[in-house]
Amino acid sequence: MSKPNLENTILKSLNKAQHRAVTSEASTVAILAGPGSGKTHTLTSRVVWLIQHMGYRPSDVIVATFTIKAAREMKERIGKLLGEEVEKKIILGTFHSIARRYLSIYGRHIGLDSKFNIADDGDSKAIIQRICKRLDLKVEPSYAKAWISKKKAKGTPPVNAPKSQKNKQQEHPDLAKCFAEYQDHLERSNLVDFDDLLVKCVELLRKNPECVSNVQTVLIDEYQDTNGIQYELMKLFAQARERITIVGDPDQSIYGWRSAEVRNLYRLLREYPETEEVSLEENYRSSQYILDTSLQVIEEDKNRYKKILRPVHTKCTQPVLRSLGSTSTEGEWIVSEIKRLVMMFGGMLKNEDVAILLRSASLSRHIESSLGKAGVAYQMIGGKKFYERREIKILLDYLRAVHQPDNNDVIARIINVPRRGVGDVTIKSLLEEAEKAKMSLWSVLCKHCRGERRASTNIRANMEQRISSGLLNTIFTLRKKADATTEDGAVTLMDLVDSLLNQLSFKRYLELEYPEEHETRWANVQEFMNLVKDFMRDYSQMDTEELPEIEDVAQTKEDDILGKFLANVSLASDAQRGDADGDKSSMVTISTIHAAKGLEWPVVFVPSVYVGSIPHSRSEDIEEERRLLYVAMTRAQAMLYLSCPLYGPQGLSNKVELSNFVAPFAAKAFAARGPSIDKKVLESVARILSREAPPEKRVFDNLPSMFSPEDDTFPLSPVDPKNSDGTEENGDGHYARAPKRQRKDAEKHSSGNGDQPLFKPYSTTMEESSHFTMSSLPGFMTAGQHQSTLSTSLAAKENQPSGNKKVTKGSTKRDPNQKSLLGFVSKGAEAAGTGPLKANNIGSSSLGKQLPHGSRSQVSVSSGISGRQQPSLDPALAGHKLGGVKRPMRPPVANPGQDVAGKQYPCFSSSPPRQPSPEEPEPDSSKEASTFSRPATVFHSTTFTTAGPRLGVRRPVGMGPAPSLDRLRKPFKPLTMNRPKSR
Ligand SMILES: Nc1ncnc2c1ncn2[C@@H]1O[C@H](COP(=O)(O)OP(=O)(O)OP(=O)(O)O)[C@@H](O)[C@H]1O
């Protein structure tokens, strides 16, 4: 491939500050800036510049990202500029995937078997559960797991860290015991958990710096979310030449629950005093209105250091804060608004331009349900993982057992799948036998079923026979095949999976086990085969996993295709193939806010902006919640919608209040309903998105019959059904109309005589297709769920370092016009003494009070029954239970005298008291009744129609053939004539 013209392809796309960052010759460069300022763009350009201009070999460049998605996007961007060949050689990936690569190639230098397996979350949980039970430890397993993970994530405190940070905290002895046993178990099973990938890589690189002696430079994306161990790893990767570039934004630090440490910014600037600081001040993403409103949210954090962020775009439309009666109505409104936008923008905006960003999983059901009912396809980011579907997990467990039979948890999960008459009690006793004998379960099974130990009873002998002919035979046969795959490639991974399916008679198993849904599950298995096929195809071209040869440092060749496949699966947990089905251009995106980080969409909806949702009721850090909302809002390019129902998912018993993050300025900063789409709006959105605005005629001509061009299908200020006296009230003083009646589910479909429905709440061209099977909708793995296991009161009270309040650094270089980036962190340090912000300091203004134009015009009743949310990860040992003995209370808090005021960083000091236990699942609305009960009233005719679909839009006299979009609202007014007279 010919070398692209550097000047044209990269530098010309940069502004002055970006240019300076990209071409900086300083060893360490810190680019800290707000959202949408081009940080990722700048980092990518710098990678290209370093390779092309500085002449670094791609294989000597390490780029670490925070998510797999970010890694994939960066690969794509670099590939486009430098060509795939070069891009493949760059060591680019998440911290975990890079660490895995080093460990599988150099791990033996620290005594690690190169065939190690990765213990996923479920595995770790199951192992810890068993340890706690076996040793009768007085700790909750989930707490112990979070504690262990946090400990590993911390890394070593900085050399000059305050004493309190270094002092070994008084710990409950059972926690330490659990930790030691857990590590012992991992080692015996040749397992490495996610945290250990980093910990062991740190150990490797500390003891064997020659493994990274080739590395010229290290670049880190989303630096604000790195934790202690990742910081160490970054330094170790760069130890040969100490060339580091980081990009980050403290305002977007949203992974405190994963032990991310904002103070790493401070640490970097202190430890690398020659760092060149660059701040980017132009926001290229969002309209001025969106940016201003988002900044209002984040600026309420008084401990935050203010930085400049200037929009390059015009105002466009004011962000919307919509009040709805219930969460169900909220879902329906979102769908109707999406449809309105798609129509009114005449094809310039499509479903794929829309994202619905949720604070937590339990909020998704209503949105999904509304989209499903309306036949609007959607994809989920951060949804239930493809690999976690039951049938896929079984296949993966078998493959993992083939690869590494000493993994007890895997064997325990598949020993009775398909059913072999091995009950939970037997599995439990076998596991205990194995643990006591310090043997693997696999060895115990071999001993019982094939070796010297004979069964004492006939029943047991039968069972052992079934295990032997079923499980052991299958694994032995497949192991032979697997060896063939690595030796000469004569047998492929596909053959192996094929053979596994045959051995297990898997199709038959699914038919028997899941009579209702075996077809869907078998389709998933076929999709799994496609995945294997894709992996095989990529594998044959893969040389990306190699590291450059280094003199005198022996390498282990990674020729184990099965191992590599399994590692990929473990690491790619959010790279779901499930999302790849269907045409993405017609799909709305639903995502958790966490998973949306770094992404952007023309239109963003943030539903359920109420106290308890955001800030989340179980959050320990209010300011982190604020940053989450800020991240969500700043994903929007042209249009931003927030909404808040009167009642939460539990229905009338669950009245909610508008989030205090927006309440103080809601009336001024937000419009109460979606904007009118006129020519001016069309053009300004087109400018922001660099798209061509459609001709007005096209927009108008394509509007379906009786289509309402305004966001007026739902009342602006729903009447609280609890206080309603049933009378109409025009509260906003702008227009009066009869309250609209929203559909009842029962009447939505039919008039009762099999004819066309008599009443429809609104009509669009996208008639309901309802092809969605709600039962198959994936669930979510949310921050809340992670948080629930990670955050507990003991953990919250662990010592935070008080740190130096004044940053003393050497001679960092920066442009005279730019402020020191230390302000990002030192301001927080100064302000930390103000003490934590309390959740209950939140103002209590309700949405109704804050919104302008509040008219009480319609009754909207939600009826919901709260449920329980399913855990997103199955307990790892899904196949067997080790008993449900209630755990004793968690251990007493070890360090009650913590000096909160001494904390240096606001985001670590502002946690409100812990609320419910991390074990407590989030409420699930899965049982919510879907019925509405509304008083019958007349419909508003601009949006509700009884007319047939062919009536066409009536234009007023004198409109002419091509009406201006500016006037679109007026022409529709006469349609009120079509109001149904009576019902
Ligand atoms: N110099 C520039 N000129 C025009 N557009 C730019 C420039 N730099 C970045 N952009 C555009 O701005 C948008 C945001 O860029 P990018 O995603 O790199 O920002 P970011 O700072 O990483 O955002 P966030 O922190 O929110 O993830 C992208 O659409 C990008 O193409």
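Each residue, glycine too, has its Cβ placed from N, Cα and C.
The domain 'UvrD-like helicase ATP-binding' feature in TrEMBL is assigned to 12-287.
The feature ATP binding site is assigned by TrEMBL to ALA33, GLY34, PRO35, GLY36, SER37, GLY38, LYS39, THR40. Shown in sequence order, ASP249, ASP251, GLN252, ASN283, ARG285, SER286, SER294, LEU309, TYR630, VAL631, THR634 are the residues of the chain, 6+ apart in sequence, with a C-beta less than 8 angstroms from the C-beta of PRO35 (ATP binding site).
The region 'Disordered' annotation in TrEMBL covers 150-171 (among others).
TrEMBL lists 288-598 with the feature domain 'UvrD-like helicase C-terminal'.
TrEMBL lists 699-983 (among others) with the feature region 'Disordered'.
What TrEMBL records for 762-776 (among others) is compositional bias 'Polar residues'.
Feature annotation from TrEMBL assigns compositional bias 'Polar residues' to 784-805 (among others).
The compositional bias 'Low complexity' annotation in TrEMBL covers 854-870.
TrEMBL lists 931-946 (among others) with the feature compositional bias 'Polar residues'.
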Looking only at Cβ atoms, how many others are within 10 Å of the one on ALA33 (ATP binding site)?
27
Using the Cβ centroid of ALA33, GLY34, PRO35, GLY36, SER37, GLY38, LYS39, THR40 as the reference point for the ATP site, which residues of the same chain not in that list have Cβ within 8 Å?
ASP249, LEU280, ASN283, TYR284, ARG285
For LYS39 (ATP binding site), which of the three DSSP-derived states applies: helix, strand, or coil?
helix
For ALA33 (ATP binding site), just give me the three-state DSSP call.
coil
Judged by the number of other CB atoms within 10 angstroms, which among GLY34, GLY36, GLY38 is the least packed of the binding-site residues?
GLY38
Looking only at SER37, THR40, which of these binding-site residues has the biggest number of Cβ atoms within 10 Å around its Cβ?
SER37
Tell me, roughly as an integer, the mean pLDDT over the domain 'UvrD-like helicase ATP-binding' (12-287).
85
